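Feature annotations, reproduced from TrEMBL:
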- A:6-21: transmembrane segment (TRANSMEM)
- A:67-89: transmembrane segment (TRANSMEM)
- A:109-130: transmembrane segment (TRANSMEM)
- A:151-170: transmembrane segment (TRANSMEM)
- A:215-233: transmembrane segment (TRANSMEM)
- A:297-328: domain '4Fe-4S ferredoxin-type' (DOMAIN)
- A:355-385: domain '4Fe-4S ferredoxin-type' (DOMAIN)
Amino acid sequence: MNYLSQIAFVLVLAIAGYFLAKRIKEIRGNILLGKDVDRSDRKSERMKSMLLVAFGQKKMFKKMIPAFLHLLIYVGFLVINLEVLEFIIDGLVGTHRIFAGPLGDAYTVALNIFEFLAIAVIFSCVVFLIRRNILKVDRFSGIEMKSWPKLDANLILVIEIILMFAILTMNATDQILQTRPDANYTQTGTMVFSATLIPMFDGLSTTGLIITERIAWWFHIIGIFAFAIYVTYSKHLHIFMAFPNTYYANLNLKGEMNNMDEVTNEVKAMLGVGGASTEPPAEISRFGAKDATDLNWVNLMNSYACTECGRCTQQCPANMTGKKLSPRKIMMDTRDRIDEIGKTGGDDGKSLLGDYITKEEINACTSCNACVEACPVNIDPLSIILQLRRYVVMEESSAPQSWNSMFSNIETNFAPWKFPPTDRFKWANDLKTEEKE
Amino acid sequence: MNTENIQVPTMAEMASKGEQPEVLFWVGCAGSFDDRYKKVTKAFVKILNKVGVKFAVLGEEETCTGDPARRAGNEFLFQMQAMSNIQVLDGYGVKRIVTACPHCFNTLKNEYPALGGNYEVVHHSQFLQELIDEGKVRVKEGGGFKGRKITFHDSCFLGRANNVYEAPRKVLESLDAELVEMKRCRTKGLCCGAGGAQMFKDAEPGNKEVNIERTEEALDTGASVIASGCPFCMTMLSDGVKNKEKESSVEVKDIAELIAEAEDLV
């Protein structure tokens with residue numbers, strides 16, 4: 001009988017492992033469809049940023065209530081996963097609560113901490129469900145927050161609550177079984193939170209209790225494996241992606257737009273400035289970005305790290321004044337598109353710009369960096385917007401007419417306004433004549 | 001001050017005399033052509049004259065840094081501008097640049113190095129703070145601003161883009177006025193609506209203009225002066241104040257103008 005459950009466990013573990021590995025490979029492959037960008041420098045600064053922002057949740061604390069509740073879930077997730085280690089060993093070896101013996105009293109303390117965190121997670125998830133569905137916090141709505149994104153958010157919260165209840169049920173029935181001499185269960189000491197559930201199961205026979213305990217055990221561990229796979233299709237992927245995302249994030253000042261070196265060479269040649277490379281220019285597929293594969297891999301990784309929390313969109317001046325731009329939608333569109341390209345190869349006649357993101361959206365951006373500042377995991381939606389604009393101007397020449405006028409003013413008058421360059425220094429004369437008056 | 005002695009030397013003049021200024025004042029297009037911002041240029045020049053900073057301007061040799069072209073997506077035009085500006089700047093051996101435009105500041109400081117232009121670039125708020133710290137600018141008893149409420153609007157290109165939040169506030173504090181903050185300030189500051197080349201086209205359809213939203217927030221502080229350090233912000237906020245018909249009671253002023261006013265230079 002015991003061997004049977006061990007075999008079953010190995011099978012479950014193998015299936016979960018297979019699907020998880022397949023999904024990780026897919027996502028990694030999709031991210032690597034992006035253009036290369038070097039982020040191998042400043043390693044200690046990157047490590048520090050990752051520790052502070054992802055591990056330390058630093059940017060979450062701009063909003064105290066969600067930060068605190070999120071911290072409970074986050075700590076709960078990290079710590080309760082230690083218990084999963086015991087689950088896996090027990091499952092593989094066929095033991096029951098293998099850590100109980102060696103840890104002794106410390107095991108009781110640890111289990112009580114786990115249970116406290118389980119309660120904290122349930123509490124936070126319930127509050128989050130209320131915020132989303134009853135209080136209807138503004139940033140959880142918006143044109144991009146329909147159907148799947150909305151369902152995804154609620155599903156995660158409900159699944160987490162159910163998984164936590166499975167742990168508590170398991171511990172409650174286990175505690176009753178410890179008092180039944182015929183069951184011969186390992187003594188764990190009192191687990192105070194699940195003990196409150198004991199009256200619910202007290203009337204069950206020993207066999208009934210064993211079955212309930214086992215169902216809860218299997219439900220919890222299969223639930224966790226299933227959740228791990230589900231996460232890779234969900235916005236909840238941020239629990240993993242937040243780490244590489246903060247590590248590889250742009251460390252330069254936010255104001256700096258990246259230089260297009262492929263343009264530099266041509267401009268140097270045009271101006272006859274020294275230093276223009278004599279080598280024939282490398283094949284430049286496209287100026288700026290039209291589709292998701294024209295973006296760099298950090299942009300694509302960003303899209304998988306997005307939690308759809310909407311802090312970017314909430315802070316966006318264009319969005320808050322009713323324009324169509326939503327930085328969150330930019331990230332979600334990018335992810336949807338690169339997912340699609342990963343499946344179809346991208347030869348579907350569609351592109352990120354046009355089929356997902358419209359010019360009206362990108363034209364509304366003031367490049368104020370509020371979205372970049374707001375993101376708790378250092379996502380940079382502005383980078384994508386600016387690359388799309390480069391495509392519109394340099395490949396399609398279809399910028400708004402007033403921008404084209406601005407360009408030609410700069411070209412002919414060296415100022416964005418139509419003033420003759422000879423008038424540029426007139427203010428100095430004005431200054432002297434004004435003073436004389 | 002003796003009005004006839006105001007000097008605005010150009011780099012060309014200085015070079016012909018074999019001299020090198022301490023700092024190049026990069027005026028910017030708005031500072032050169034926009035009637036409102038020309039007043040800021042003049043105020044800053046007066047302060048430089050008063051303090052005796054050895055400065056120069058490029059005059060007619062100055063051209064757009066390329067910022068609006070780049071933000072709108074025209075990388076070619078940006079680099080054309082940048083490279084010819086770098087040639088001029090390097091030709092004069094410029095080391096240090098001060099500018100009253102956060103867009104010029106950001107581009108010269110952060111984006112020219114990739115094209116070979118390396119200068120120490122400061123925003124005029126930082127420069128003014130230096131002068132105050134060195135005791136070269138000392139506002140007498142608040143210069144008439146004592147007790148007045150002033151609110152500072154963070155320019156995105158100065159604040160979030162370059163983390164310059166304190167220098168303009170330090171400058172305003174020297175006026176001995178009451179500095180009141182808007183609900184959204186510093187890292188959370190709300191854009192005026194003009195960055196990212198929005199200055200040069202109409203806004204996309206929406207239900208409100210960004211500058212109106214921001215002006216309402218500024219007016220909510222009860223301040224009689226909205227201080228800014230950016231030509232775009234100045235235009236947007238001035239328009240906002242006019243739209244709210246508050247121009248008789250609320251002024252939009254650049255920090256350089258406030259210092260010049262306090263110093264009796266205007």
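Using N, Cα and C of the backbone, Cβ positions are placed for all residues, glycine too.
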Give residue numbers and ranges for long-range contacts of the transmembrane segment (A:6-21): same chain, 6 or more residues beyond its ends, CB-CB under 8 A.
88, 91-94, 221-222, 225-226, 228-229, 232
Please give the average pLDDT for the domain '4Fe-4S ferredoxin-type' (A:355-385) in this predicted model.
98
Counts of helix, strand and coil residues, the domain '4Fe-4S ferredoxin-type' (A:297-328), according to DSSP:
20 helix, 0 strand, 12 coil
What are the helix, strand and coil residue counts for the domain '4Fe-4S ferredoxin-type' (A:355-385) according to DSSP?
17 helix, 1 strand, 13 coil
